[in-house]
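Here's what Swiss-Prot has on this protein:
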type	residues	note
DOMAIN	59-167	domain 'THUMP'
BINDING	LEU184, LEU185, HIS209, PHE210, ARG266, GLY288, GLN297	ATP binding site
Amino acid sequence: MENVVIIRYGEIMLKGNNKRFFEDKLVKQIRHALSDLGKLKVYKAHSRIYVDVDAYDVADITDRVKKVFGVVSLSVAKRFEVDMDRIKEVVLEEIKDRMLENPGIKTFKMESKRGDKRFPMQSLEISRELGGHVLENIENISVDVHHPDVSIHVEIRDQAFVFSNKISGFGGLPLGTNGKALLLLSGGIDSPVAGWMVGKRGVDIEAIHFHSYPFTSDRAKEKVMDLAKILSGYCGAFKLYSVNLLPIQKEINEKCPEEEMTILSRRFMMKIAERVALQNDCDALVTGESIGQVASQTVKSLNVTNSAVDLPVFRPLIAMDKVDIIDLSQKIETYETSILPFEDCCTVFLPKHPVTQPKLEKILQSESKLDVEALISAALEALEVEKISIED
């Protein structure tokens with residue numbers, strides 16, 4: 001008998017003629033997530049992916065695999081030759097183990113799947129036979145098919161599988177199946193969630209961060225690095241580009257109306273991000289903006305910001321409430337880092353009354369007072385790049 005992780009995927013099943021491409025990408029991503037653990041056997045069969053895990057830390061493996069985009073759920077199962085008497089023994093062992101872990105278990109349910117049609121019993125018959133065996137051999141337990149304390153699963157294919165746990169994954173599509181995008185990563189709550197959401201749709205990401213050093217601190221930059229490392233646990237290793245926006249902000253502060261500081265700064269960020277994206281084969285920009293959340297995120301403000309670039313701008317949080325964004329940031333474990341009290345470039349020269357309904361003509365008029373190309377070129381010349389990985 002061997003231990004194996006059974007990995008299930010969902011949306012990939014709907015991909016028709018492209019299904020194999022997505023499956024192969026998912027296998028590749030799972031292998032990559034486990035690559036430093038040794039030569040684990042990861043393989044595809046019966047529209048599932050399997051990882052042989054004997055002699056390995058199973059908890060570590062499941063924790064890594066559940067973060068791989070495309071994985072809907074996984075289970076740690078016992079695998080052995082198909083034999084009904086042996087299946088009965090393993091089912092008893094499984095339910096007894098669960099009862100030792102949780103003495104409060106009083107009800108159970110059997111769920112059986114007969115993938116191998118050569119097996120003489122149908123799925124419902126298998127469940128009845130095994131359920132009866134449990135009732136005959138374990139005291140103080142009963143069947144509850146609607147709200148059981150524990151469900152025991154049996155799958156019969158070329159071999160038999162028995163398990164009682166289902167660990168949820170995040171679903172989505174495997175990384176590397178939908179191009180590459182550049183994430184504008186701040187130190188806040190929203191942008192890491194936006195990057196995660198785009199990654200979940202199979203988009204590889206790189207990231208760019210704007211700071212205002214020395215008006216913003218080294219610790220603020222370290223915070224962004226920490227967020228990027230958490231994100232790399234889901235999205236894989238990526239490049240983080242850092243740009244000092246302070247010289248541009250000083251020029252805006254000196255030559256443009258105070259209330260336009262935020263919107264003009266955002267336009268410069270987008271222009272610089274687009275240059276970096278195009279130089280690195282990115283197909284889109286990604287931001288954490290949500291309608292109406294702050295002054296620069298009204299519909300008119302977003303329209304003025306968009307007009308600064310030609311690349312598509314993905315805003316996966318656009319209609320989400322803040323509480324929903326916070327919930328997701330907690331789920332992906334970026335929240336506690338995001339709320340650390342370190343300033344970012346948006347706090348520098350913050351206007352008392354930022355324009356919320358900007359007119360593009362007026363913003364372009366103010367922008368014409370600046371040497372836009374020279375400011376962008378200087379920022380790009382001072383660009384810093386770091387490779388971000390969860391292992392760092």
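Positions of Cβ are set from backbone N, Cα and C atoms, glycine also.
Known features from Swiss-Prot, placed on the structure.
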| residue | record | contacts (Cβ under 8 Å, 6+ apart) |
| --- | --- | --- |
| LEU184 | ATP binding site | SER191, ALA207, ILE208, HIS209, PHE210, MET269, MET270, ALA273, LEU285, VAL286, THR287, GLY288 |
| LEU185 | ATP binding site | SER191, PRO192, GLY195, ALA207, ILE208, HIS209, VAL224, LEU227, ALA228, LEU231, LEU240 |
| ARG266 | ATP binding site | SER296, SER301, THR305, ALA308 |
| GLN297 | ATP binding site | GLU289, SER290, ILE291 |
Could you put numbers on the helix, strand and coil content of the domain 'THUMP' (59-167), residue by residue per DSSP?
40 helix, 32 strand, 37 coil
Please give the ATP site's span as the largest CA-CA distance among LEU184, LEU185, HIS209, PHE210, ARG266, GLY288, GLN297, to the nearest whole angstrom.
18
What does DSSP call GLN297 (ATP binding site) in the simple three-state scheme?
helix
For ARG266 (ATP binding site), name the DSSP secondary structure in the helix/strand/coil scheme.
helix
Other C-beta atoms that fall within 10 angstroms of the C-beta of GLY288 (ATP binding site):
25
So for HIS209 (ATP binding site), how many other CB atoms are inside 10 Å of its CB?
26
